[in-house]
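Marked as active site, proton acceptor by TrEMBL: A:Tyr29. The feature domain 'CYTH' is assigned by TrEMBL to A:2-148.
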2 protein chains.
Amino acid sequence: MAKEIERKFLLRNDAWRSLAEGRYYCQGYIPTQGKQTVRARIIDQQGYLTLKGPTQGISRSEFEYEIPLVDAQMILTELCQQPLIEKHRYRIPLGKVVWEVDEFLGQNQGLTLAEVELTHELQTVELPHWIGKEVTGDPRYYNSNLVRHPFKDWV
Amino acid sequence: MAKEIERKFLLRNDAWRSLAEGRYYCQGYIPTQGKQTVRARIIDQQGYLTLKGPTQGISRSEFEYEIPLVDAQMILTELCQQPLIEKHRYRIPLGKVVWEVDEFLGQNQGLTLAEVELTHELQTVELPHWIGKEVTGDPRYYNSNLVRHPFKDWV
C-alpha cells in the first residue's frame, strides 16, 4: 500500500515534449458506487490492477498489483466502463521530483495534463516554466471522469 | 482468469459437519454500479483480491490474485462496504466435485449455504443427502448482497 499525494496542472506550452519519450497507456475503470477507484491498466505488455481509496486532502490510499496481460485485456473489455482511456505518458525527472505528462488520445484528444507525486502534503515543488494552471482536486480531470465526460464534449 | 460455474443450495441437515474442518474467512466488497464484483478476502493469513464479471447463465468470469495480508486488511477496512462477511468454510471433496459449505457469522449468523463448482454448465452432480433446496441464481444469497441485506433482517 502506498499513499498517493499528487498535484495536477495544465500545460502552458510544448517545451516539455523534448524532455522524454512517451509510453502508451490503456486503462479503464470498474464503476463504483463510492469514491473508491478500481482501475485496470496496460503499460506496454504489463497488466496492472489498482485500487484507490477516497481522497483525503490531496492524498489517498493506493494498492497496485501486477497482473497477467491477458487478464488485464479481459478485465478492460468485459468489466470496465467504455470507452477506455488511452494516452501517452511522458516521464520527466526534474530535481527531486518526477513530472508525468499525459497526452490523451481518442475521446480525450486535445487534453494534456502534468502530474507530480509528492512524498508529503506540505512538500514544496518548483514549477517548470511549461507548467500552467493548477487543477488539483478538480474532478473533471480525474481519469475516471474522463470516461463519462470526455474532453471532446467539454464546452 | 477462470470461468466460475457454480450451483448453490440450502442445507437439509447437519450431516456435512463431520466431513471437514472449517476455516475462517473474512471478506468485503467495494460496491460497484454494475453487476461486476470486486472482493477482498482474508483466509487465515493470506489476502486475496478477486474481480468477477456479470453472471451469464450460471457462469461468470473470475480473476483472483494473492495480495499481502496488510493490504487486504486495509482494503477491507477503508474501501469495502461494512459490515464485512465473516464465515467458516468447510471443504468437502465428494466423488469428482468439491462441496463448500459456508456457515455464516455475525449479521448473517443462522445462514448456511453449500456450493459446488462445476467444470461446464451441463455437468450433472450427485447431491449428497444433506443438500436441501437449490438457490442458484437467487440474488439474496449472493455474498455481496448479504452485506446490504443480512440474514438477520430477513423475515
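Each residue, glycine too, has its Cβ placed from N, Cα and C.
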Exercise for the section: Please work out the mean pLDDT for the residues of the domain 'CYTH' (A:2-148). Expected result: 93
Practice task
Can you check which residues sit near A:Tyr29 (active site, proton acceptor), meaning Cβ under 8 Å from its Cβ, same chain, 6 or more apart in sequence, and list them in order?
Solution key: A:Thr37, A:Val38, A:Arg39, A:Ala40, A:Cys80, A:Gln81, A:Asn143, A:Ser144, A:Val147
Completion exercise
According to DSSP, the residue listed as 'active site, proton acceptor' sits in strand
Problem - Secondary structure content of the domain 'CYTH' (A:2-148), with strand meaning DSSP E or B - result: 28 helix, 71 strand, 48 coil
